[in-house]
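Engineer: Straight from Swiss-Prot, here's the annotation block:
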| type | residues | note |
| --- | --- | --- |
| BINDING | D31, E32, E33, F34, D35, S80, L81, E111, R134, E171, K287, K311 | NAD(+) binding site |
| ACT_SITE | K113 | active site, N6-AMP-lysine intermediate |
| BINDING | C405, C408, C423, C429 | Zn(2+) binding site |
| DOMAIN | 588-665 | domain 'BRCT' |
Amino acid sequence: MITQKDYEKLCHEIWHHNKLYYIEHQPIISDEEFDALLKKLEEIERSHPEWITEFSPSQRVNESLTSGFKTVAHRTPMLSLANTYSKEEIEDFIKRLQKLVGKRQVEFSVELKMDGIAITAIYEQGIFKRGITRGNGKRGDDITTNMRMIENLPLQLSGENLPDFLEIRGEVFMPRQVFLQLNEQKLQDGEVLWANPRNAAAGSLKLLDPKMVAERRLAVVFYGLAEDSSASIKKQAEVPSFFRSIGLPALEHHAYCQNIEQIWKFAEEIRSLRTILPYDIDGIVIKLNDFKDQKRLGVTGKSPRWAIAYKFAAEQAKTRIIDITVQIGRTGVLTPVAELEPIFLSGSTIARASLYNQEEVQRKDIRIGDLVTIEKGGDVIPKVLNVELSQRPLHSQPWQMPLYCPSCGTQVINIIGEVAVRCPNEDSCTEQQIRKLIYFVGKQAMDIKHMGEKIVIQLFQKGFIHLPSDIFALTEGQISQLTNFKTKAIQNLMRSIEESKHVSLERFIMALEIKYIGIGTAELLAARAGTIETLMQLNEEDLIKIEGVGGKVAQAVVEHFQNPKHRQEVYRLLELGVCPQSKTVQIFTNHAFQGKIFVLTGSLEHYTRQSAASLIKERGGKVSDSVSRKTNYVVAGAEPGSKLDKARTLGIPVLNEKEFISLCH
């Protein structure tokens, strides 16, 4: 029996996955699994409408507002579509519309469902004026400047039927070939690879430097009109040709359909084209064709009644397991990995699949030599679904987890209450040390740009780094010994290491890898302690008083800092210039920046735009996007824009980077 507490827990779970998908762009479940959670939620809400609140995921469009961008209201709400995965559900949708419209024969416009980032574009008198992300459906991020960097976006339209005001819906995406080229470059630079083109497009659109956006070679395609944007267009099927007539890039591969068989035929045609299209799609969209009927049906919750998305199921394929290897994580957990005969699936070649743990291997009875079915859905790593027992080799043997760590030879242990098998040699196990360093430089912790996994491994193998603090003692001479590292790459890495020293206290706490500490708990500890030195002095009694911190966490924190090795590492990090700062503590009092308004323009040599803005805010200043008479200083780097001209016209003081750094200190 479902309780209200179960319902609330499900709401939190869905919002967690929303955040991973829309904001962090790192989903851990497939689209199909996510939609199953939503369907379960909706079933509960039908049975218990009294439990529904405005915070239910069923009542709101997935939020993805981002700090660093101005948010603006949508003139017409930007809704999301309801999803389906079966022919039967499409038939139910058609019958429902026939009943609502009051017609036996209903016309549909069917088109591709792009797997990109939904946006709105506004044109006035044919001139591109504004680009906005979906955001929460009511408000979105103003990405106008970044959208201007998209090469195939026309900044001016023309044509006989061009209205004075045009609000249109579209999708920004990264073409597959561009994605492959840029990922290859990231690989050479030792950076973390993008999981897929959608993640790449999402991250690129939110860059604060428009020049970097241009380098990502994004593209845009348009598929819809906002309500009342063009009175001359009466039906959805007319939209693509209308867009092309005024110079807009429009969706290809669309169909006019009148029944389920025509829709299904189109779906099958598109499914067969999916892997050869130059961009990613994840299904088709079925829309009621007549705009009058669309308007009459309106919306329900967060979705239009007159449209639905049919999403292609995760693709599956059969291949053979040629070996089962073991991967050691930073906490010593041993994870079995299936090494596969390479097979092309969902647009990429699959050669490995995680088997999660020994229990999973035993439950599915997965063995070396087995023919298995693998699945790859959306962004999720490939997984082994089942074994073809009829194809099993005669003398195959059940697989067993090794008794000794493959990296260091230490006997592994099973901790009571845990499925995981661990290597206890955390200080000397090479693989654990490397994984800890990779985590330390990653986004959840110190977020050191240009220092990817391959670079960490090279630095470790050459003996240049062993502890995290060694990273901040690296020299240009050491980095120059890395493979394919030339002057610019060396400078980029040295600058990134320097910039990472200014880190929030909660991320610094995360970087220390204290047991049981996630980002939420790290934020609570940072807010209470204010400095890392204070946190190191707190006892269990002090820590338990913090709301949200239990005895288990308090004990783990105290035990961590009681270890002389851990304390020594923190002190060395601080000595090397790492400066963890709490958002809740005023580090700088009576600073020259206090209450002053800054505008940043051009490229700085030692700071990104974001890190320079953080320095200003930490010292009590404010950062504005535009120059006005209220602006106190303009900080100008290389190749400044029109903001510098305006500052000079208004007589506002202009600081070069050297002067800015001097004022900071």
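Each residue's number is its place along the chain shown, starting with 1.
Placement of Cβ uses the backbone N, Cα and C atoms for every residue, glycine included.
Since the structure is predicted, the reported quantities are computational estimates derived from the model, not experimental observations.
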Engineer: Need the DSSP three-state call for L81 (NAD(+) binding site) to compare against my parser.
Structural biologist: coil
Engineer: For K287 (NAD(+) binding site), name the DSSP secondary structure in the helix/strand/coil scheme.
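Structural biologist: Strand, per DSSP.
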Engineer: On average, what pLDDT score does this prediction assign to the domain 'BRCT' (588-665)?
Structural biologist: 81
Engineer: Give the number of CB atoms, excluding that of L81 (NAD(+) binding site) itself, located within 10 Å of its CB.
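Structural biologist: Its Cβ shell of radius 10 Å holds 19 other Cβ atoms.
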Engineer: Quick one: DSSP breakdown of the domain 'BRCT' (588-665) into helix, strand and coil?
Structural biologist: 27 helix, 16 strand, 35 coil
Engineer: Compared by Cα position, which of the recorded positions K113, C405, C408, C423, C429 is the closest one to K287 (NAD(+) binding site)?
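Structural biologist: Answer for the nearest of the recorded positions: K113.
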Engineer: Among the recorded positions listed here, K113, R134, whose Cβ has the fewest other Cβ atoms inside 10 Å?
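Structural biologist: K113, out of the recorded positions K113, R134, has the fewest neighbouring Cβ atoms within 10 Å.
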Engineer: Rounded to an integer, what is the Cα-Cα distance in Å between C405 (Zn(2+) binding site) and E33 (NAD(+) binding site)?
Structural biologist: 34
Engineer: Out of C405, C408, C423, C429, give me whichever of these binding-site residues has the highest number of other Cβ atoms within 10 Å.
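Structural biologist: In terms of Cβ crowding, the pick is C423.
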Engineer: Relative to the Cβ of D35 (NAD(+) binding site), which residues of the same chain, six or more apart in sequence, are found under 8 Å away?
Structural biologist: N83, Y85, K311
Engineer: From the Cα of C429 (Zn(2+) binding site) across to the Cα of E33 (NAD(+) binding site), what is the distance in angstrom?
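Structural biologist: Distance (Cα to Cα, whole Å): 36 Å.
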Engineer: Determine, to the nearest whole angstrom, how far the Cα atom of K113 (active site, N6-AMP-lysine intermediate) is from the Cα atom of C429 (Zn(2+) binding site).
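Structural biologist: Distance between the two Cα atoms comes out at 47 Å.
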Engineer: Is the residue listed as 'active site, N6-AMP-lysine intermediate' helix, strand or coil when read with DSSP?
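Structural biologist: Note: the residue listed as 'active site, N6-AMP-lysine intermediate' is in a strand by DSSP.
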Engineer: Can you grab the distance from R134 (NAD(+) binding site) over to C429 (Zn(2+) binding site)? Cα atoms, rounded to a whole Å.
Structural biologist: 46
Engineer: Using C-alpha atoms only, work out the spacing between C423 (Zn(2+) binding site) and L81 (NAD(+) binding site) and round it to an integer in Å.
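Structural biologist: Checking the Cα atoms of C423 (Zn(2+) binding site) and L81 (NAD(+) binding site) gives a distance of 47 Å.
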Engineer: Enter the number of other CB atoms within 10 angstroms of the CB of K287 (NAD(+) binding site).
Structural biologist: 25
Engineer: So which other residues, same chain and not among C405, C408, C423, C429, have a Cβ within 8 Å of the centroid of the Cβ atoms at the Zn(2+) site?
Structural biologist: I328, G332, P406, S407, G409, T410, V412, P424, N425, S428, T430, E431, Q432
